[in-house]
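A quick write-up on the structure given underneath.
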Amino acid sequence: MSSTKWTDEQRQAVFTKNCNLLVAAGAGAGKTAVLVQRIIEKILDKEEPIDIDKLLVVTFTNAAAAEMRERIGDAISKGLDENPESKALRKQLTLLNKSNIMTIHSFCLQIIKNNFHTIEIDPNFRICDETEGILMKQEAMDELFDELYEIENKDFINLVESYASRKDTRLQEVVLELHRFAKSAPFPYDWLLNMAEEFNVGEEFNFEETLWADMIMEDMKVLLHGFKNMLQQSIDVILNSEGIDYYYEPFKMDLNFINSLLEKSSFKEFRGEIIAYDFPKLPLKRNKDADKEAKERVKKLRDRVKKKILEIKNILNSYENEFIKKEFIFLYPSMKALSNLVILFDKKYEAKKRERDLIDFNDIEHLCLSILTDKDSEDHIIPSDTALDYRKKFTEVLIDEYQDSNLVQEVIMSMVSRVKGYWSFYNGQLMFNEEEINLEEPHIGLDIPNRFMVGDVKQSIYRFRQAKPEIFLDKYNEYSEEESIKNRKVKLFKNFRSREEVINGVNYLFKQIMSKTIGELDYTEEEALKVGASYGEEVKGEPIELCLMDKKYEISEEVLKEYNMDEEEALDNIQLEGRLVAKKIQKLVGNNLEGGLKVFDKKLGEYRNLQYRDIVILMRATSNWAPVFVEELAKEGIPVFADTNSGYFNTTEIKTIISLLQIIDNPLQDIPLLSVLRSPIASFTDDELIDIRMVNKNIAFYECMEIIYKLYKDEELDSYYSFYMEDEDKTNKIVKDIKEELKNKICSFIEKLNLWRKKSIHIDIDEFIWFLYVETGYYGYVGALPAGEQRQANLRILFQRAKQYEKTSYKGLFNFINFINKLKFSSGDMGSAKILGENENVVRIMSIHKSKGLEFPVVILSGTGKNFNMMDLNKNILFHRDLGYGPDYVDTERRIAYPSLVKNIIKNKIRLETLSEEMRILYVALTRAREKLIITGLINNMDKTVEDWLNLSDDKNKVPEYAVMSGKTYLDWIGPALIKHKDAVSLREELKITSGLSNIVDDKSKWKIELWNKKELLKEKVEENEVEISEKIKETLMNLGESNYKEEIYKKLSFKYKYDNASSIPTKLSVSDVKKQFILDEKENTEELFKKVELRKPMFMGEEKKISPSERGTIIHLFMQHLDLKKAENEEDIKEQINRLIEREFITYEQSKIINPYKILKFCRSELGKRMINSNNINREMPFSIEVPAVEIYRELDKDIYKDEKLIIQGIIDCYFEEEEGLVLLDYKTDYVNDIEEIKNRYEIQIKYYEEALNRITGKNVKDKYLYLFSVDNYIKID
């Protein structure tokens, strides 16, 4: 076994044989390492080695599969180093390329390609693009609806009238959603028909004996447990308070009633007892010694219970069997019609795919399933001959991320694994039956179980993709930890990622809030994470921080006046939370001198200062919040990048180009036309557009332009225009009065547009788009704007989308525009192009889903006060994979519509499942942190909210399930759990809350709870605007008449600061600014610093764009930042790395020509390059800020007056690396060199500040400083 020190549980997971093994691995437990080690041990086993191609390893992503292959390859290579003569190891290395380590979809695709003849598909099939599939679906849908309207299909018409509202699109959306949903079932047609048949009830129907009735009762029992806690709490207060003991009996009767209900197993008895119960009246006794506060408190609690029980009673009263039966009978025809409509749609869509030899992503699993399954005489689903061959082939089947499996994948894996049993339908549900099946040929080794499944159900967060965590949970509850049994489980809950402080906090929180009801698992001490990581004693861990801000914090008029703000500006909540986070980050990072957080660097094996790249801000959804946070962090000088899936189609450059394509396809579209006309592509002014529109207000804008064009060119107008012109003479006069310049502009635009329209017909769309970029100069134009690199990358993405489109079965500009429109909605927007590498020193903002599997030294979870998304519950038909359809009851004749009983049941079930998913998402978020965890959130009303939290905190061990069920935000869960923690005492004191102090939980977790208010954060916003406001006042005064006070006010506003010289000095300078200042100081003659600017046409608008020296330097620096020194042995290696940067869109092909592979290779082979390669600690592109005396930079300042003035110098160090005696500083230069001494003098001061920054930041000595000069392929040492 490897040199890694494995725990006993990990060893069991690696070595256990001859059983189905489920490994439940908590966050940070090293499950991937265990899975890889198990594979390595099997192929390197000295007694019974298994060839690696006899193992099937199913991963969740292609990246995971590649990483696994690499690790296994490294292990085999290491074995060969120790035993070079080993034929067995060489064989495994050769077989590694043929190994079956892949995603489930890759495995299914492999099966389809090897067995295409059994399912009658063309062997040259292609997987269609997602958007191409959407276009085909829309075609199929439109054709199907037209056909059904034409034959006047009665059931279809009724369905349309009931659920389509005024547009067919609403019903079409229902069909598409149900189609997607059904495809998550192994046998979609069976599922659709079975779910419709659930409404086909006979006279013998008895609702009280159905699954739905049991579900209603179980859901209500969760609430009853909450009522029981309230009543028990009240009784405790009664018994411990003065003078209210006469309340004991009625409260005890209520409690007995609740206990009786909780014991009921029959819905009929349960319903009957609730309906029959009347709450006894409370005695009307007066006792002057009675504790009035306690009396009022218990009365309020009982009133809450009574109100809720009355609501339940009213619901149950409506559950009359006959009424429910009539509802089912009425809905059956519609639901059957809906199932049939989806099946007809699927068949039409399938036909379209077959015409084009296409399959879509969903087909991959279903076609594979059809190859691997067969049916016996009893209609049981059993393995086919092909599946049996795979069972013989694979000695073991290993499944990673098992908690995210869906039912289709589970059936597929069961077919190729050596399991005894079959699948069959029971009450409409597909179930696995673990029994012996009769096969024509006995399967050798079938009695030896061979499945290895690893995952963490607490991290199952893909229910929206139809993942079914119940598959994992069923086995987790069924399998045993005992040895020598066929179905065994091993628990890996030791966390090797996080500090003890993070783990203790996570454990405390989820013990309080996660349960089988919400989370689908009881988070007990047994499930809790155990500390496995060691961070030493050098730096102590910090408590988890919870930062709360009151949304409804009242800001007085005086405060608003003081800050010169209006109320709307003052109450931008997302902005304020972003500002709060910015303050936290500034404090964490410090000023790179002291005060910042220290984090442990695994690569260095020591502590270092926190950098921006160590911080991630996690959000449930980033679309609306991330842009605001980016803006707030950027204002504070914090480098930040938001990894979002939205915003791409809303960027100016993309909207402009899409508008241009739309008018090339059809210019009679006013909105896109005006968008293009106002853009730099056409550069029309608003006044010019008004002049054009005045020609005629009743026709399209382009037609107005055509009238001007034709009249100006003396061309005859079409009769169409004459018809719309109320007064032809008046129109002629309007056109005549239009300026000559505008007429020429219109003519030029129309002629260009006509040329573009003709060209679009004859070339591919991707070529045409690039032609437009160049022809209009727009690509160059956006590159010159702020964030130009990002804008150009976005345009390149559109070009790539066009290339992708050209590979589909659709052609032409019109279809491409449809393609893009569908892409907007199907992919939920794409997010802007990614231009940052993994090592960029920026704070990252990402969704919790994207963070899964990752870890970060510091995690900030924001937006915890944001409501969960429950919008799907408002649809007129709901779908559930087990419960089927939940439609509204719609009677078009009587004009009645309301949620059906089954819809209410399904709605509640989906709500609970959604809450369970949110619970697991919260778990994923909090377990990403290695060293520091911060949670931020907004609260509606702090005092009331905290009081509500206290009312839910009587049970020290658990927040009541009914309270968790009613939660609408993460804070609704976190708050009640923390308010009873010992570290929340300060919060209670600050809010002057004295109740509930007897329920303090003395847990070992450490928390720091902070209250923020808007006033604190608003103050700084105002200071930024003060100068601007002052200038506005002065401008107003200039326009006023004479006033006694005008002169005095103006004098004060024009006040000259005593230290005016210092006030003009910036507080922050770049190192380049400092260098320029020193060069200026050293010049004896007084040159003009500011010369007259000559305006000329930008280079990018000319025929050929030349790359400037500064851009050349930027490109070289970018490449050196990303250069992998270990993979730069020859020019081909370097060219490959250049191509990788082009593929990742870091540079363009044109820019890549600047990089000379030979010169890069010369650097790598130089003595300096070799030293750098041999270093174990290389740092590149490191930003810094240091404080220096102002007089050091600005020598004209009086040293006595300005001795205490400080400046912040900022810069980015190209590279430094560590050797035994100290650090080596390296700066790349692309200047053309004539005089070495001149270069040294030019950059001496710059290197000096780099050295000082490194000394201060690292605390280490800089032993050598070098400039590497690419123009002469040599380096010089700076003394």
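Glycine residues also receive a Cβ, built from the backbone N, Cα and C atoms like all the rest.
Quick caveat, the model's predicted, so the values are computed rather than measured.
Per Swiss-Prot, the feature domain 'UvrD-like helicase ATP-binding' maps to 4-499.
Residues within less than 8 Å, Cβ to Cβ, of GLY30 (ATP binding site) and separated from it by at least 6 positions along the same chain comprise GLN10, LEU492, PHE496. Summarising the annotation, Swiss-Prot assigns ATP binding site to ALA25, GLY26, ALA27, GLY28, ALA29, GLY30, LYS31, THR32.
Per Swiss-Prot, domain 'UvrD-like helicase C-terminal' is recorded for 526-853.
Around the Cβ of ALA29 (ATP binding site), a 10 Å sphere holds 27 further Cβ atoms from the protein chains shown. The average pLDDT the prediction assigns to the domain 'UvrD-like helicase C-terminal' (526-853) is 83.
Within 8 Å of the centroid defined by the CB atoms of ALA25, GLY26, ALA27, GLY28, ALA29, GLY30, LYS31, THR32, the record's ATP site, lie the Cβ atoms of VAL34, ASP456, LEU492, ASN495, PHE496, ARG497, excluding the listed residues themselves. Its Cβ placed at the centre, ALA27 (ATP binding site) has 23 other Cβ atoms within 10 Å.
For GLY28 (ATP binding site), the same-chain residues 6+ apart in sequence whose C-beta sits under 8 angstroms from its C-beta are ASN495, PHE496, ARG497, SER498, LEU529, GLY532, ALA533, GLU855, THR927.
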